[in-house]
Amino acid sequence: MLRTCRSWPLLMVVVLLFSACGQPPWNNPYPASQSGENILYGAFTERPKHLDPVRSYSSNEYAFIAQIYEPPLQYHFLKRPYELVPLTAHALPEVRYLDANGKPLAADADPDRIAVSEYLIEISPGIQYQPHAAFAKDEEGAYRYHDLNTQAVARINTLDELPETGTRELIAEDYVYQIKRLATPWLHSPIAGLMGEHILGFQALSEKIEDEAPDPVNGERPFFDLRQVAFEGAEVIDRYRYRIRLEGRYPQFVYWLAMPFFAPMPWEAEALYGQLGMEQNNLTLDWYPVGTGPFMLSENNPNLRMVLTRNPNFHGERYPGAGMPEDQAAGLLEDAGKPLPFIDQAIYSLEQESIPYWNKFLQGYYDSSGVSSDAFDQAIQFDAAGEAGLTDDMREQGIELVTAVQTSIWYMGFNMLDPLLGGDSERARLLRQAISIAVDFDEYISIFANGRGVEGQGPIPPGIFGHREGEAGINPYVFDWRDGRAVRKPLDDAKALLAEAGYADGRDPETGRPLTIYYEAMDAGPDGKARLNWMRKQFDKLGIELVVRATDYNRFQEKMRKGTGQVFMWGWNADYPDPENFFFLLYGPNRKVDGGENAANYQNPEFDQLFERMKNMEDGPERQAVIDRMTEIIRHDAPWSFGFYPKAFSLHHQWLDNVKPNLMANNTLKYRRLEPEIREQLRERWNPPVLWPIGALVVILILGSIPALMVARRRERSRAR
Amino acid sequence: MSAYILRRLLYAIPILIGVNLITFLLFFVVNSPDDMARMQLGDKRVTQEAIDTWKAEHGYDKPLLFNADAGGLGTVTETIFFDKSLKLFAFDFGQSDSGRDIGFDIRQRMWPSLAIAIPTLLVGLAISVSYALMIVFFRATYIDFGSVVLLVAMMSISGLFYIIGGQFLIGKLFHLVPISGYDTGLEALKFLILPVVVGVVAGIGSSTRLYRTFFLEEINRDYVRTARAKGLRERVVLFRHVLRNALIPILTGVVAVLPLLFMGALIIESFFGVPGLGSYTIDAINRQDFSIVRAMVFLGSVLYIIGLLMTDISYTLVDPRVRLS
């Protein structure tokens, strides 16, 4: 008996070893029931704050809501440069211009004469909403859950507790309703201020809603039906057509129509969530979206996972039949004309730390991944020409790499209100230009971004109209064109500029001491130390002493708003692919100290005048010429050192198809196609349970216990004597 | 005893007010209500008007601690501090700055925290006590010396190392359990193994050393000598006499931490993707959500006070010589 008991750990090990043969992977984080299913697995690192399209404005939120909500337009998945195409709209909007007397004007009319721009949008009939409790009706046709009593509401904690669902057809009124929501003060839309400048009567509507809406009860705003509020800026023409009126001309408005801000919102959803007690129980549009898109949010637990499931009522969009010439070879047109979406479900798990995220990707439990700094050397290598490629290990695993220069810029800004660096004096301008030469962003990209970036030559990144490639696109104040590439000017040129500015060897002529410049940094943590030391060294090349004022992001923003900083680094991510979205960061009336986004507080009358003209022009040679002149002004005045355009690297497994980076579109999940059988096979091959360590541990424990037992027995015997 | 408990509960009130005040001051030294509004409304295109509206709606438009414009009692009551603190004492945590019901979230998220904390505590306790007893049994031998060296080494290693090492070895190399994640019901078991193993291993060093000290203290007592003089075997002396008496400080120490198990493990939950209260607190700090931060600090303080009170009471239960007065 005793002998049997002693040998059971060994028996267990043997049983375990045999039982592991042919079993599915033990480390599979997903239930066995999902095995072989057409489910895409991804991760999110930061929980989305808002899912209400009126408030949502960040990429981690768009990753979800762009699959659910459908604005009238979208970006073509494959074509470049980015091209707007209809989504729920029947066609691109018809734009009509009117003068101050309401008379129609020609499309090429002088922008100064245009008093009103009218956008007529016609949506396709027959589009249905996802099944949702807001649409559920009883036998008499009354809404099932729109008039719940307080006790009933108090018992509801999730939307699943309202089991009946319904749907209805998408109508033009839903789009107008959402535009009115943008103006609703308590919904805090981030673009309310901007739209107030453009949509006719937007401010008045906002005030009207504030006046007419019922007051909050216990902090909750009762349902206020916005359909009853008249609005000249957006009106329903008929069931499928609506019209938006803008003040003057604003050609970039069409891009906003491809963003979730302008997605439809059924009044029934607000009527459901607007019942008192719903908000207290976390039942809001910020948590339970309602859309017409290819997917619906079937599980919203941002502390664990978010699940998008195929919308059974989706209107049947098809995969694009045309793209770029290289798309055919890349296999991106193999699914042309097939109905979307291809996958049944997408499960996104919360992964706050990069190491487990990366390891689970390598094990095949995530279909795609970014490349964190920790894993960069393991995944990426550069060839002699500086081109990024995968390491042998990654290639053996069948992993594929996709890179794209982002429509973003990281720049070093000089505060133009600063007495030393700012202003339009020749002295300050030469000083800024000298610094721009000295701060080597190519080195920065290499050291701190693992080579993931392209040195900036102007404010407009590649992929946006107005950006010029090659020799014509270099910043001649900082770079020379040599051997077919842009080469940073030698440091002696910077020193010469500095001397010309009156700061020979970087010394202040008044004090004879090195010139001191203050750098406002937002990365006060230990990670930022190396970056800040590097920045100090760049200035030191000119003999300038850089004093770093590191602080947190809140204080940094405060300094920017007050215009008290001197030099800083900041970035901008494009809202839409138009040069206006970058040049406005340097537009005089948009200065940060006046509440705008122009953090350098730059102001140049000629530039501002050209900006006013450029923003109203159609893309073409004339607009390019204006942009070239604006770029030249900025390069000459140097309120920014153009830093770099970040480059996105993403990896995906061989079983994920139709992956093409589209930096403007967020609704690309519907194009993804999976081969789950391959995934299943490879997961099993990559993750066999390794059981010998358990056996080894048991053996070590047994072997280790033998001398201990001997000592114990000897001790007890010695005492017995 | 009831008078003692009542007195301790009354002492708790100024402690909680003090903790609340310190939390408030520390939070608002770093974040202004404007910063909080910007965090909620986003960075891009936010106007000062929108910020002011958000502050008014969330009660952050008042002075922080002293309202000079209000007369009489209003100087104190018409402040952010008073508004946000009063309901806490009725355990009404209200809504987070992003609009979620904090009480609901706490009720939801305490279960994953407990699912990790309870097995970690029990298994850790069993292993540490057994190991400490074994070391004491073999005291003054190479096993004792080697174990102490090992325990000191284990104590010196950062908890983060155990987490990353555990994920690498057990999850990545041996493919035995998922590297991270969580699920509900029985599916949760496979996700709990690794964090529990890591939590236990990370805690063995310090707790075994502590328990060894307790046992060594007991082993030289007169009653032990008497037991040996009676001819009892060393094993019997250790398990029947020494263990029973040394358990008093061990159990009272455990009782003190029991209520805090609800609060979750900050780093473990974050690394293993466990949606518990530890990661809830970390997220709230990162998102500058003062409502959650103050609720969690308040809850932690209350649980800590309860833990200390339970320790006192447990003393009287396990040691008849102790009387509360």
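Even glycines carry a Cβ here, placed using N, Cα and C.
Just so it is clear, the model here is predicted, and its values are computed rather than measured.
Feature annotation from TrEMBL assigns transmembrane segment to B:9-30, B:114-136, B:148-171, B:191-211, B:247-272, B:292-318. Here TrEMBL flags B:110-314 as domain 'ABC transmembrane type-1'.
Between the transmembrane segment (B:148-171) and the stretches B:9-30, B:114-136, B:191-211, B:247-272, the greatest number of Cβ pairs separated by less than 8 Å involves B:191-211. For the transmembrane segment (B:247-272), the residues of the chain that approach it from at least six positions outside its boundaries are 109-110, 112-114, 116-118, 120-121, 125, 129, 159-160, 163-164, 167, 180-182, 191, 194-195, 198-199, 211, 214, 278-282, 296, 299-300, 303-304, 306-308, 310-311, 314-315, 318-319, judged by C-beta separation under 8 angstroms.
Tertiary neighbourhood of the transmembrane segment (B:292-318): same-chain residues 1, 4-5, 8-9, 12, 15-16, 19-20, 23-24, 27, 84-85, 88, 93-94, 96-97, 102, 105-106, 247-248, 251-253, 255-260, 262-263, 277, 280-281, 284-285, 324, selected by CB-CB distance under 8 Å and a gap of 6+ residues from either end.
Note on the transmembrane segment (B:191-211): residues 115-116, 119-120, 123-125, 127-129, 131-133, 135, 147-148, 150-157, 159, 162-163, 166-167, 170-171, 176-183, 246, 250, 265, 268, 272, 274 of its chain, located 6 or more positions outside it, place their CB under 8 angstroms from a CB of the stretch.
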